[in-house]
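> Annotations per TrEMBL:
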type: ACT_SITE; residues: ASP161; note: active site
type: BINDING; residues: GLY82, GLU105, LEU106, ASN138, SER139, LEU158, THR236, GLU237, GLU238; note: S-adenosyl-L-methionine binding site
type: REGION; residues: 1-20; note: region 'Disordered'
Amino acid sequence: MTRTNGASGGGGGQQAAGKLPRKRFYRARAHSNPLSDSHFPIPISPDDVELSQHYPRYFPADKDEHGDGEVAAPRIRFADVGCGFGGLLVGLSPIFPDKLMIGMELRDKVTEYVKERVLALRASNPGQYDNISVVRTNSMKYIPNYFRKAQLSKMFFLFPDPHFKEKNHRRRVISMQLLDEYAYVMEVGGIIYTITDVEELGIWMRSCLEKHSLFEAVPDEEIKVDPVVKLLSTATEEGQKVARNGGQTFQAIFRRISLQEE
């Protein structure tokens, strides 16, 4: 079984209990090549994701893994792809305390920061933030290794790398090909949230979602009452920077739908 690096492992001893880590010690390059191979463990299948490392409150390491069969084990339901420093996860956790969420981040130093942040929040707020975690991985390659068919109810793509050059558009985290994979791991009715401050990328992401047969736009009246939407532009470091500079953002929020032939 391949081990994944959850928020409950690695580096926790370096941080005083309840003390938030300092971002300046975890800074990394803003851009990473999502098509390159990196050296980190990948689970062979969703069954090999060691949830006890990520959510020890829900999956005690010493618990009989077969359980008593009476209550189905919870599954990860939200995925923040390219989670950065974890601001969205922290914002979502108290709003959906019964939902397990995971951030997926390619940069190693940033992943370590989120791990330490989650551990510190858990230590200073007993009983809270036990439902969020992070894993270092390449989501463009390994989404099916982490999630079963129709497992996720929400996916987030906040301020992704625009990859401006046309030859690098294949590196964009929203594309027709990748939407096939996202549709596979999302339940019918699940929602994809995207936001960017780059107009051209915003048009690109919306266009891909509009063209895909398994997604449809969420009506404006639903978006206005969705408690998640405000967090898209306020919870992350990137969103806060755009707001400080008076920048404009472009959202595309779409729902997974069903086709008769599925």
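Glycine is no exception: its Cβ is also placed from the backbone N, Cα and C atoms.
Because the structure is a prediction, the values reported are computed rather than measured.
Mind running through what each feature is packed against?
The Cβ neighbour count for LEU106 (S-adenosyl-L-methionine binding site), using a 10 Å radius and every protein chain shown, is 24.
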> Considering all pairs of residues in GLY82, GLU105, LEU106, ASN138, SER139, LEU158, THR236, GLU237, GLU238, annotated in the record as contacting S-adenosyl-L-methionine, what is the maximal C-alpha distance expressed in whole angstrom?
21
> Far apart in sequence but close in space: which same-chain residues, 6 or more away, have a Cβ under 8 Å from GLU238 (S-adenosyl-L-methionine binding site)?
GLY84, LEU158, PHE159, ASP197
